[in-house]
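K.L.:
Okay, so TrEMBL annotates it like this:
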{"type": "DOMAIN", "residues": "13-76", "note": "domain 'Transcription factor CBF/NF-Y/archaeal histone'"}
{"type": "REGION", "residues": "84-124", "note": "region 'Disordered'"}
{"type": "COMPBIAS", "residues": "104-114", "note": "compositional bias 'Basic and acidic residues'"}
Amino acid sequence: MAEDEAVDPVQPEFPRGRVKKIMKLDKDINKVNSEALLLISCSTNLFLQFLAERSAEVATEKKKKTVKLDHLRTAVKRHRPTSDFLLDSLPMPSEPTQSVARTVADRDRSRPVSDKPAPAGTRRIDQFFRKTGNEAPVQINDA
């Protein structure tokens, strides 16, 4: 390395304080050295870049523009060292809850009000005006 070359200091992209707090969550760690903090921050950044690139490749293979959890899970499964420790931490793919909730809401919205069940412990107002089977009809004489 020549003396006239300027070396740019490495600046991690993650906040040092937050990384330090996460590291101290481990009960075995009392103090965090600044060099260790820098190495952990840089290695985390490289690892996340790796995961993002692999997940984007999977999404591109499936002809999708948005990277989703399934793409991330596939990328992790393909890389054996990563899958050994990370696959158990990723949430399991589930049914799309938002679309299920949306279809239930659409179904309830399209039903007439009288067909919708009343909340527990309440009655519908039209029940007050219904005639029961044993009531005689009321006749009004216009005289």
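Every residue, even glycine, has its Cβ placed from backbone N, Cα and C.
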K.L.:
Over the domain 'Transcription factor CBF/NF-Y/archaeal histone' (13-76), work out the mean pLDDT and round it to an integer.
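P.N.:
Within the domain 'Transcription factor CBF/NF-Y/archaeal histone' (13-76), the model's average pLDDT equals 91.
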K.L.:
Can you count helix, strand and coil residues in the domain 'Transcription factor CBF/NF-Y/archaeal histone' (13-76) using DSSP?
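P.N.:
Helix, strand, coil within the domain 'Transcription factor CBF/NF-Y/archaeal histone' (13-76): 45 helix, 0 strand, 19 coil.
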